[in-house]
Every structure is written in C-alpha cells, then in structure tokens.
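Pulled from Swiss-Prot, these are the features on record:
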{"type": "BINDING", "residues": "C66, C71, C77, S306", "note": "[4Fe-4S] cluster 1 binding site"}
{"type": "DOMAIN", "residues": "78-295", "note": "domain 'Radical SAM core'"}
{"type": "BINDING", "residues": "C92, C96, C99", "note": "[4Fe-4S] cluster 2 binding site"}
Amino acid sequence: MSEIKTDDPKRGIKLRGADKTARIPIKVVPLQEKLKKPEWIRAKLPSRKFFEIKDILREQKMHTVCEEASCPNIGECFSKGTATFMIMGDICTRRCPFCDVGHGRPNMLDPDEPKNLAESVKAMNLRYVVITSVDRDDLRDGGAQHFADCIKAIRETSPNTKIEILVPDFRGRLDIALKILAETPPDVMNHNLETHPSLYRKARPGANYQHSLDLLKRYKEMMPHIPTKSGIMVGLGETDEDVREIMRDMRAHNIEMITIGQYLQPSDGHLPVLRYVTPEQFKIFEKEAYELGFSNAAIGAMVRSSYHADEQAAEALRESHGGCGHH
C-alpha cells in the first residue's frame, strides 16, 4: 500500500486556472486576441441518460475525468452509458497548464474506492470502462497498486467489462509500477504523450517525452498481448511535421493505438489555442496513422483520449487475440 504523511495542513486544497499555473517554468501569457472557435468545434447536448449517470456518480462519490477536465464530449459519452473514472482523488501533484484538473497536495487514498468504483461500473452497466488518475508523485508506487486494486474489484463484479487504464508517467517509480500492472493487467494500456517534446517545458513541466515512450515500450515487452495506446493534442504550437514525428516515434516504440484531438483552452489561466486544425488535416493525419501501421486511429477535432474507446479497443483486442479485424 502506498504511504503518505497524514499531518499536512495544505492537503486537500485545490488550485485551478491561474493559481495552479503561477509556478511553472514558462509563464502562461494570454493571446492579445483569442482565435475564434471554428464551426466544426461542437459538442452534443446531453440526454436524460446523462443526468441518470450523474446521479449514480454522486451517489457513489466517484469522480469522472469527463467532469473534472470539462470534456466537451461529456453529454455524448454519458448518454451512451460510458464514462472515464478518475481515481485517487481530484487533486494532481503536477501543474500542466493545458489541463483543467486542480493542483495541490492530494488527500489520503480512499481504501473503499476500488469497491465503490466496481459498484458504479455495475450500476451503470458498462461494457467498457476507462480508469485514469491524477499524478500522485507523493506515493511510493505512483498509485500503481491502487490501479491494480481497482482492476481486481471490477473483474470480480463485472467480469465481462473490458478495462482500459490511462496512467500517469510514474516518474521515478516506473520499475515498481510496471511490475504491479503486469501482475494485474488491464485490457488496454494507455499513457498520453500529449504534445511534441519541444513543447514539454511549456505544456508538460515535470514530464519527459522519452520516459513516456519507454513506459509503453517496456510494458509491451512485458505483456505482448495487451494493446498499447497513446494520444496527443494539437493547437499548442506544434507543426504538422511535429505530429508526424510523434506518430513515427510511437510506432518505433510499438504503440498500436493513437488518439489525436484539438486542444481547447479551459480558461484564460491556461495555455492559449495557437491554431485550430481543420477537419481536412485531421483526415490526412488519420490516413498517415494507418499507413504507419497503427491498428486503430481516433483522430478528429473533438476526439479525446477515451472518446469512443470501446470501439477503438474492439479492433485492437481482436487483433491481439488472433482475430482478423479491418478498419
């Protein structure tokens, strides 16, 4: 079990927006004039199912990343009866200025969370669940055992539900984290590169591009039958060629599934959107991804890491278990 100090007066205080990004190496400078949001950036309105799921989540005291990160697809995904759960609280130890999740010193892990999560998955009757988390640099294993406990709990109560985990980078704790997650594997292993390495100091302070690539490569070597997946955002200052370079790097590290979506600025305290990639360019990226050998590519303005994850995974899982799916 991961251990942390219990007597920290700042524990549980959540910073957001400009308060959160005040101490990162490169300051967030708002654009003089914001880029106008193009007409293809549109989210669907929520249905009744959306509100039913919200009620279940509050009842179980669960956090979804859909809500915490202000995802534009929340209405559509909840209405389909799918959700991405965020475990280990809603306070992150990192200060990434593209992300709308709060920063601070997190609370103690909740030992009942795996059980509560499993009950939520069962109550929502999910056939596919994505589990992600805040970064927990305060824990000795980065939270890997808590991920494993959640996987075990869901397997017990919903054995037919497929599980994807979207993990943090386990900085400084990678060996132990990979060992734990190889002993209790998910159905899909996902870890996001987020952006081009030239933008890491600005967008992902505290993370390392090569470390993130190695995380997925090493896991694939340990667990060859588990599909690996990664995603990036566009609009932070990268070029089209930067995107192609990331795709090539992913394939060189045996990453099989990819997501690429448009970055949308959650508030003025976050990094500004420097470009809106057109639907035509997203189509070109999608074609290039399949040419590079990705088994599945979810690429488009409104795509997020777990958007249509169930459909994406169906293909990869068939292929990794000897099936013969096609795009």
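Cβ atoms are placed via backbone N, Cα and C, with glycine included.
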Fewest other C-beta atoms within 10 angstroms, as judged across C66, C71, S306, which are the binding-site residues: C71
Secondary-structure category, per DSSP, in which S306 ([4Fe-4S] cluster 1 binding site) falls: coil
For C77 ([4Fe-4S] cluster 1 binding site), the number of other Cβ atoms found within 10 Å of its own Cβ: 25
Integer mean pLDDT for the domain 'Radical SAM core' (78-295): 89
